[in-house]
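Q: First the structure, then my questions, so here it is.
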Amino acid sequence: MIDTTLPLTDIHRHLDGNIRPQTILELGRQYNISLPAQSLETLIPHVQVIANEPDLVSFLTKLDWGVKVLASLDACRRVAFENIEDAARNGLRYVELRFSPGYMAMAHKLPVAGVVEAVIDGVREGCRTFGVQAKLIGIMSRTFGEAACQQELEAFLAHRDQITALDLAGDELGFPGSLFLSHFNRARDAGWHITVHAGEAAGPESIWQAIRELGAERIGHGVKAIEDRALMDFLAEQQIGIESCLTSNIQTSTVAELAAHPLKTFLEHGIRASINTDDPGVQGVDIIHEYTVAAPAAGLSREQIRQAQINGLEMAFLSAEEKRALREKVAAK
């Protein structure tokens, strides 16, 4: 189901949602951090989704053990490096890794700007080692409020040339986009792209707000767009992409079952939608699973899956020249 003549991308992938269970175990031992289990087999139910969670907020608690072991900037650097190694193992040629430095820093009160620098270093070294092309998206964790998001924004701005885009993630219902208008004004002034988690827990009005008020060029998840025909028309006409995450939307109970997922309808409507993982370490999936298992289960035809793969590159925060070079590099293999 994956077209090997085309670049394989993952443009909605949380770095802090892809910390290996084995790494959690090792860092826990290294820093004498009490974990809920002492073997890999018994730890996995605590750090991976075994049964679907009742809602998004419940799902997000599964990420907590991964960041609780980030007791130093070296630990942050390690998990960033391993994220690139995992991407290479999955056959990804290009990945956009997004991360919330405030969330990663929280358990051990690490300097937020230091976390950003450590992630940049780890990703850079991983790209050199494994030959993967990567860009970084800064996340503001709306769940922690406006002031915490401001701190994250300042940390990103201190490294503005290494950050490609700004995102807003977390509790969409409790912390609407309207609270963060000034943050996104500064992001646009910095020349960054904008992608926003919207229409996952909240309705289509959240997507409209992300586009009109925050300047979103892409929407993370965006499943509730299916409820608003005018919105779907607008997304298609304006080529505002939807970063679909199939398995994730089932595990968060955002969508009841894969057969009911709106990705197929989005593609039929001419919306530029792509296939992505979200939090692969927590979900226990990889991009290959999403293409070969989840996408067919969601009713996508072989041609629709190929179109979603094409869309992944077209939606990427790359220049036209970078996209062309990536296509040529894959075609030459």
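Indices start at 1 and increase along the chain as displayed.
Each residue, glycine too, has its Cβ placed from N, Cα and C.
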Q: Since Swiss-Prot lists His12, His14, His197 for Zn(2+), which candidate among Asp278, Asp286 does it give for that site as well?
A: Asp278
Q: Looking only at Cβ atoms, how many others are within 10 Å of the one on His12 (Zn(2+) binding site)?
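A: Total other Cβ atoms inside 10 Å, all chains included: 30.
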Q: For Asp16, Glu200, Asp278, Asp279, listed as recorded positions, tell me which one has the smallest number of other Cβ atoms within 10 Å.
A: Glu200
Q: Hey, what's the Cβ neighbour count for His14 (Zn(2+) binding site) at 10 Å?
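A: I count 28 other Cβ atoms within 10 Å of it.
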Q: For Glu200 (active site, proton donor), find which of the recorded positions His12, Asp16, His221 come within 10 Å, Cα to Cα.
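A: Neighbours among recorded positions, in sequence order: His221.
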Q: If you measure Asp279 (substrate binding site) to His14 (Zn(2+) binding site) at Cα, how many Å is it?
A: 5
Q: Taking 10 A as the limit, how many CB atoms besides its own sit near the CB of His197 (Zn(2+) binding site)?
A: 27
Q: Through the lens of DSSP with three states only, how would you label His12 (Zn(2+) binding site)?
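A: Where His12 (Zn(2+) binding site) sits, the three-state DSSP reduction gives strand.
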